[in-house]
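Peer 1: Reproduced below are the annotations present in Swiss-Prot:
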ACT_SITE  SER28  active site, nucleophile
ACT_SITE  ASP156  active site, charge relay system
ACT_SITE  HIS186  active site, charge relay system
Amino acid sequence: MSSAVLADHVERQLDELGWETSHIVGNSLGGWVAFELERRGRARSVTGIAPAGGWTRWSPVKFEVIAKFIAGAPILAVAHILGQRALRLPFSRLLATLPISATPDGVSERELSGIIDDAAHCPAYFQLLVKALVLPGLQELEHTAVPSHVVLCEQDRVVPPSRFSRHFTDSLPAGHRLTVLDGVGHVPMFEAPGRITELITSFIEECCPHVRAS
């Protein structure tokens, strides 16, 4: 399992729909896949929200991210063993939301239950870590040929903007958009769904004025 394999899967889905290109949006690993799909010529525009992959093969920041996910392995094991009962443990909400939201209250009970269920049934977790360890991150960003929007999250503990934005800002062509969202963590759709929706739709409307007109 790798970002390339995930991009292959999305390409097959696009082919099944009969879509040569589309406006592609992704968060975290999904942001990495979004830029990979752009490199393959499948994007009309690309929006990466707290995107992963912002490193070279030997960047210290890459190993920092991998170390964070390895450190989270015990929590993953508890979720796998206990399932929803893991949420009854002391500090479970705090620990479960650290990589996701700025505050523990940023995720609802229903959403947190879904997160625990996903974590308990994710066989690709360690496969992705191994692939990330041996492979470079996003390459050829300087050749990005469509409008691109990088959205960073101020309270992101997984890829903090202060250390993880440089690969994008240095590599993407002039004219790309960079937005920093205040007060949200790595998965801002939980804490600020309205703001994220507005960011996505307004960017697409700018790229394609006829969308707004219709």
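Every residue number used here counts from 1 along the chain in the order it is shown.
Keep in mind that glycine also has a Cβ here, set from the backbone N, Cα and C atoms.
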Peer 1: Would you count the other CB atoms within 10 A of the CB of ASP156 (active site, charge relay system), including those on all shown protein chains?
Peer 2: 24
Peer 1: Under 8 Å Cβ to Cβ from the residue listed as 'active site, nucleophile', same chain, six or more residues apart: give me those in sequence order, or none if nothing qualifies.
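Peer 2: Those within reach of the residue listed as 'active site, nucleophile', by Cβ under 8 Å and sequence separation of 6 or more, are ILE49, ALA50, PRO51, ALA52, VAL158, VAL159, HIS186, VAL187.
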Peer 1: Please classify the secondary structure at SER28 (active site, nucleophile) using three-state DSSP.
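Peer 2: Coil, per DSSP.
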